[in-house]
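S.K.: In case it helps, TrEMBL gives these features for our protein:
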BINDING   45, 194  substrate binding site
BINDING   121, 167  ATP binding site
Ligand SMILES: Nc1ncnc2c1ncn2[C@@H]1O[C@H](COP(=O)(O)OP(=O)(O)O)[C@@H](O)[C@H]1O
Ligand SMILES: Cc1ncsc1CCOP(=O)(O)O
Ligand SMILES: [Mg+2]
């Protein structure tokens, strides 16, 4: 893919500094706030049903993450999602742990049925479960996927009428017709809780700032994973990597991204 359109997508985030409203889990909420800031956008976390719709209406994107969900939180997600849908504000769903318990799977299916989800972003196991394609999930981690990942991402996108971002050593982005693969990243990203959640935040920032959700989501994945590559050069282990990941996201330049983003059509992968 044209490296300039990837770099331009980062420029668009930094110029528009979109507000990214999150209703998210209690484990990685601070990481999501700070990676949103380091990307060049503005985070806000607001989950109370009394304000979720009002806050969503002010946002450039809404990120719904079911990592530590409750029945009440699902209701807040529906309120926020409806407010966003009424205004054409993109909603990103992170189906953390879908497939691990019936509650998580059913919550995702309800959110996907009742809301217009712009981007469904999960790991390979979560997307495989929701696609009905033999995904396996252990807690919040992917435990495997049956079949060709590009085909699963595309099939899931068609099933739900959304853009799918399926993360792993390579990230697959598909709207059901066009499927891109992002090759950037480093294995240390899989050794840290929160990198999947942060991917959703970064996707939210890029989709808020862009016109084409497939290109924006691919640019988001390339940017975050390129920051991961640079951070890995500075790290002594997972926790110094974590610090470096935020710094490298904030310091990422359009020139570096244009030179190193590895975004291809999956068919040509
Ligand atoms: N082995 C790996 N090599 C490169 N990047 C990885 C690897 N594992 C995960 N990532 C990156 O880490 C982020 C989180 O992906 P993943 O671990 O699949 O999500 P989750 O935390 O939801 O299980 C994504 O940006 C993905 O590209
Ligand atoms: C460990 C854990 N448990 C519930 S949510 C959560 C964080 C998951 O973060 P990620 O999916 O980004 O690894
Ligand atoms: Mg993880």
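Heads up, the Cβ atoms here are built off N, Cα and C, so glycines get one too.
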S.K.: What binding-site residues in 45, 121, 194 place CB under 6 Å from ligand 1?
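M.R.: With ligand 1 as the reference and 6 Å as the Cβ limit, the list is empty: none.
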S.K.: What's the CA-CA gap between residue 194 (substrate binding site) and residue 167 (ATP binding site) in angstrom, rounded?
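M.R.: Computed Cα spacing between residue 194 (substrate binding site) and residue 167 (ATP binding site) is 13 Å.
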S.K.: Using a Cβ cut-off under 8 Å and a sequence separation of 6 or more, which residues in the same chain sit near residue 121 (ATP binding site)?
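M.R.: Sequence-distant Cβ neighbours: 92, 93, 94, 164, 165, 167, 196, 199, 200, 203, 217.
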S.K.: Among the binding-site residues 45, 121, 167, 194, which have a Cβ atom lying under 6 Å from any atom of ligand 2?
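M.R.: If the test is a Cβ under 6 Å from any atom of ligand 2, the answer is 194.
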S.K.: Indicate whether residue 167 (ATP binding site) is helix, strand or coil by DSSP.
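M.R.: Note: residue 167 (ATP binding site) is in a strand by DSSP.
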S.K.: Tell me, how many other CB atoms lie within 10 A of the CB of residue 45 (substrate binding site), whichever protein chain they belong to?
M.R.: 16
S.K.: For residue 194 (substrate binding site), which of the three DSSP-derived states applies: helix, strand, or coil?
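M.R.: For residue 194 (substrate binding site) - judged by DSSP and reduced to three states - the answer is coil.
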S.K.: By a simple count of other Cβ atoms within 10 Å, which of 167, 194, the binding-site residues in the record, is least packed?
M.R.: 194
